[in-house]
Structure formats: structure tokens, C-alpha cells
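Colleague: After the C-alpha cells below, expect a handful of questions from me.
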Amino acid sequence: MASPTDTTMDASAHSEKLNIDAILEFTQLIRQKRQAKAKEEELDTRLQQHEHHLQLIKGKREAVEEQLKELEARQRQLIQEEDQYVSKRHELLTDQTNAKDTQNDIRKKMLQLKHMHDKFELDNCDEAKTMFREAVEDGDAGVVKIIFYAGAVNEHGWIPLITAASRGDVETVKNLLLAGTDAGAKDIVFGRTALSWASARGHTPVVQFLLKMTVDVNSQDNNGWTPLRWASEGGHEDVVRLLLDKGAKIGCRKTLGLRDKFISALAFSPDAKFLASGSYDGIIEVWDTETGQCQRTLQHLPGTISPSRSGTPPQARTETKKMICSIVFTDDSVLVISGSEDGSIRVWDWKLRDCQQVLQGHSTSVHALASSHDSRLIVSGSNDNTIKIWETATGTCQRTLQGHERCVYRVVFSHDSKLIASGAFDGHVKIWESATGNCLQTLRGWQEEEVLALAFSHDSTRIASGLNNDTIKIWDVTTGQRQLRILCHDDDDVDLVAFSPDSKFLVSRSSRNTIFVWDSTTGECVRMLKGPDAFRGKMAWSNA
């Protein structure tokens, strides 16, 4: 029989064994917990890696989907163009057939004319008047050539030369002029010459031929409008250049005393009271748009000295005659800023005829200039592919922005002046923060596209770009997403875009003298204006 002492010892040993087992089991649990924790952390890491890869793949997929959308849009455009060419081919075949019928009709008219008197007075022969008018309006040069000797004026007082010029019928114009018709004759209704009518409607070949003749390039109609005024109102840049090259004077209802130089840049002041013109010889002239008088001529002569607006010591500046490539007024209309082909920028107090600053930094032509809405900053774009931000008061270059691959052709400030947009011949639009120079967005275009026009919406949330391929794009400034791509169907460059004050509409202009008004949300064309009547006076939005 075991003693009480032995029993107590056995109980203690058993209890100790249980404690050891419990400790071992607890230790094992701790080890398992650590292993589970490590496994959990490993799984979390792998999950994060997979999530990162998933986001990358998702981003690539979205980019590919966007590219597919653009390719599909491009495919639809090409299909539409193909259909247009097929339709045009059918029209040409039809015209070819009709041309043969027209030739037969002309032969009949010629035979009919042979039975008329050799020399008749057009005003006294109703049959001849009718035939002559129809021939000019239909472009039947053969008939016109036979009967132009009969007279010049039809029963409505219109000179046949003017009728042909207004229609752009260069062959009929040539026949009439080479036969001795007076190139400078005016119609008795508006007092316009053939040159004015052709210039108003942008008929470049007719203008070219008329300018070879002895014509008054500055002739004024009954309202004081010149051929140059008509061409500029219609936005016909080629015609404007031809007229200026032949000595046309800049003017509205008054003839401006413009020097006989080729104008290379023009800009209105924000209040439209003044017009600044820059020329190929580096001279700037500021004109009063109401009186047509030249207010100031700005020319910095070699070796002259001008103080800076900031009070810094004057500097001797050497001036060479370089073409003015761009020109702009500050928003307060106090200063004129000009950019030249040598890469320099000049800030003029135009009323004092004083060059306040010469900004050096670009290596070649400055094609784009803009002034902030508080007139404190200037932004410039150059053929050296860079953008520079300058302080207006001191002429200090705050920063140089790089990123475009070709000539920067347009720069513009947002309406709060916090953002700058730049457009270049690489087809891209970039959005920059004016305070820091950070590039916030790159709005990419097609390789063959060139940006010719830019405009911010009035709330600065969207930007529109006009391109050289008959296209307008509207982008979300914050996200960089393209909201709309509008095809103008005018087969020409879009050289002007502007939002309405409420940003609901966008107006665009092509160099074919066509204005479109678009719904900026849907891209629907709500209005189209074409021809000189679309450009009477300044184009502006009404708040009504």
C-alpha cells in the first residue's frame, strides 16, 4: 500500500507533465500562428502584385479600345470619302456627257449669231442681250468671245466682266479683257469693280489675272470698301496677300496710308479700337479702326537706347530688319508685343513709340504669342519647338516648356490665366500650368495633323483645336479625354475656333470663307454662313 507521501509525489509529477504538454502545445500554436501570419503577408504581397498587373493590363486594354475607336472612326471617314469620290466620279461622267450636248448647243448659238449684223449695239438688241447674259452666267466662253464686241452693259446695268469675275469664271474674264474690255469699269448698282467682286468671293485665279492688267487695286465702291477690305472680311488670305503685294492699302471705310510693304502679321486690340500690322521689314504700324489713320509707327533704330519699364539701366540694342511673324496686344491694350523671325520678342508702349523690352531666348521664328488676361505674363511659341513664359514688366523668362516635336504655332491662356494651351505642327495639344510650367495633359493627334487654332471654353474646362485636315477636336482639360471629333466637310483648314460666352456653342472658320456654328456637346452643325455676307463687320457672340 502506497504511502500518502508517494501519492502526493505522483500527483505532482502528473501535474508537471500536464503543464509541460500545455507549454509545448502553446509553443506549437505560436509557431503555427507565425507561419500563418507570414503566409498571409506573402499572399497580400502577391495579391498587390496581381492587382498592379491587373491595372496595367486594364489600362493597356482601355488604350487599345480608344485606339480601336479612333481607327473605327477613321475607317468610317475613309468609307465616307470613298463614297464621295464614287459619287463625284459618277457626276464627272455625267458632266462629260452633258459637255458634249453643251458643245452642240454652242455651235447652234454660233450659227444663229452669224445671221446677226456684224456690229450691233447690245443695248438695242434684246435677242443679243439675252444671249450674252445667259452665256456669261453659264460660262459659255465661246459665245462670249464672239459677241463681246457688241457692247458692255446689259439691261440691268451689270458689266458682263463683273458677272464673270463674281462667278470665278477666269476663262471668260480673260476673253473679255484680252479683247479690250475696261478692267476698271464699275457696276452702276454698288460701284464695285471686277477686282472687288472676285476678291469678295475668294476667286484667286481671277484676282491674279486682273492684277496683271492695269487696275486700281485701291478702288472704292459706293460704301468706301476696297478689294482688300472685301477679301479680308471674307477671310481669303491668299487674295489678301496678292492685293497687299500689289500695293493695296489697309483700310475700312477709310483708305489707310499703308507703306508699300508686304504685311506678315495683324492683330486687333481687345477693344477692337486699334489694329496693329507687322511687315516683312520689321516695322509695326498701329491704326485707328474708326478713322483709318495710322496712330504710331514702331521701328527700333540701330544703336538707340530705351529705358525699361522696371527702372533697370538702359541698354543699347542693335536692330536688324527681320520679318514680324506674330503680334498681339496686352489685354489692357497698353502694350503691343511682336515676335520676329530671328527669335526675338519686343514689348512696345505703342503710344510712346518706345520699345520697353527685348526678350531673347528663342533660336528661330516666334510664330505664336499670347498675353494673360491680367497682362502680367506673355507666352510665346516658336519654330524651335519650345514655349517660353515671360514677365511682361521685367522681360524675365520665367521658364521654358519643352515637349513638342515640331513648330509651336498657337498658344493661348485660359480665361482665368491659370492654364496655357499650346498647339503644334506635330498634331498635339499640351496643357500647362502657368504658375509652375508643369505639363498637365498631352492631347495627342494624328501624325499628319497640324494644330492651327485653339480656344478654351469660358469655364476653362474644355479646349477646342482646329486642324489642317478639316477637323475640330474638343477635349476635357482635366481628364485629357477627347469629347468630340467634328468633321467640317469643307475640305479645308480650320484656322479659327471660339466658344460662345456660355460655352454651349463653338464657332469655327475655314480658309474657304465658311463659318460653322456647332453644338459643343453633340457636335451638331446648327448654322453655316458662307461667302462675303457671312463676314459683314466683326464676328461676335450675342449674350441675348
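Glycine residues also receive a Cβ, built from the backbone N, Cα and C atoms like all the rest.
Just so you know, TrEMBL annotations are computer predictions that nobody has curated.
Bear in mind that the values here come from a model prediction, so they are computed numbers and not experimental data.
Below are the features listed in TrEMBL for this protein:
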- 33-88: coiled coil (COILED)
- 156-188: repeat 'ANK' (REPEAT)
- 190-222: repeat 'ANK' (REPEAT)
- 223-255: repeat 'ANK' (REPEAT)
- 256-297: repeat 'WD' (REPEAT)
- 324-349: repeat 'WD' (REPEAT)
- 359-400: repeat 'WD' (REPEAT)
- 401-442: repeat 'WD' (REPEAT)
- 447-485: repeat 'WD' (REPEAT)
- 487-528: repeat 'WD' (REPEAT)
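What does the local environment look like for each feature on the list?
Modeller: Here the repeat 'ANK' (190-222) is broken down by DSSP into helix, strand and coil counts: 16 helix, 1 strand, 16 coil.
Averaged across the repeat 'ANK' (223-255), the predicted model reaches a pLDDT of 76.
Residues of the same chain lying 6 or more positions beyond the ends of the repeat 'WD' (256-297) and with a Cβ under 8 Å from any Cβ of it are 241, 244-245, 247-250, 319-329, 331-333, 336, 338, 340, 348, 350-351, 353, 538.
Sequence-distant contacts of the repeat 'WD' (324-349) (same chain, six or more residues past either end, CB-CB distance under 8 Å): 264-271, 273-274, 276-280, 282-284, 286, 298, 300, 309, 355-375, 378, 380, 382, 384, 390, 392, 395.
With a cut-off of 8 Å between Cβ atoms, the residues of this chain six or more beyond the repeat 'WD' (359-400) that come close are 308-310, 312, 325-332, 334-335, 337-347, 406-413, 415-417, 420, 422, 424, 432, 434, 437.
Secondary structure of the repeat 'WD' (401-442) per DSSP, as helix, strand and coil residue counts: 0 helix, 22 strand, 20 coil.
Across the repeat 'WD' (447-485), DSSP classifies residues as 0 helix, 22 strand, 17 coil.
Per DSSP, the secondary structure of the repeat 'WD' (487-528) breaks down as 0 helix, 23 strand, 19 coil.
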Colleague: Using a Cβ cut-off under 8 Å, which residues of the same chain at least 6 positions beyond either end of the repeat 'WD' (487-528) come close to it?
Modeller: 77, 201-202, 234-237, 452-459, 462, 464-468, 470-472, 474, 534-535, 539, 541, 543
Colleague: Write out how many residues of the repeat 'WD' (359-400) are helix, how many strand and how many coil, based on DSSP.
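Modeller: DSSP classes over the repeat 'WD' (359-400) add up to 0 helix, 22 strand, 20 coil.
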Colleague: For the repeat 'ANK' (190-222), what are the same-chain contacts with Cβ under 8 Å, counting residues 6+ beyond its ends?
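Modeller: Non-local partners: 159, 161-162, 164-170, 173-174, 177, 183-184, 228, 230-231, 233-234, 236, 238-239, 242-243, 246-249, 255, 512-513, 531-532.
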Colleague: In the same chain, which residue numbers or ranges, 6 or more beyond the ends of the repeat 'WD' (447-485), come under 8 angstroms Cβ to Cβ?
Modeller: 73, 409-416, 418-419, 421-429, 431, 440-441, 491-499, 501-503, 506, 508, 510, 518, 520, 522-523
Colleague: Please give the sequence-distant neighbours of the repeat 'WD' (401-442): residues at least 6 beyond its ends with Cβ less than 8 Å from one of its Cβ atoms.
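Modeller: Hits for the repeat 'WD' (401-442): 367-374, 376-377, 379-383, 385-389, 448-456, 458-460, 463, 465, 467, 473, 475, 477, 480.
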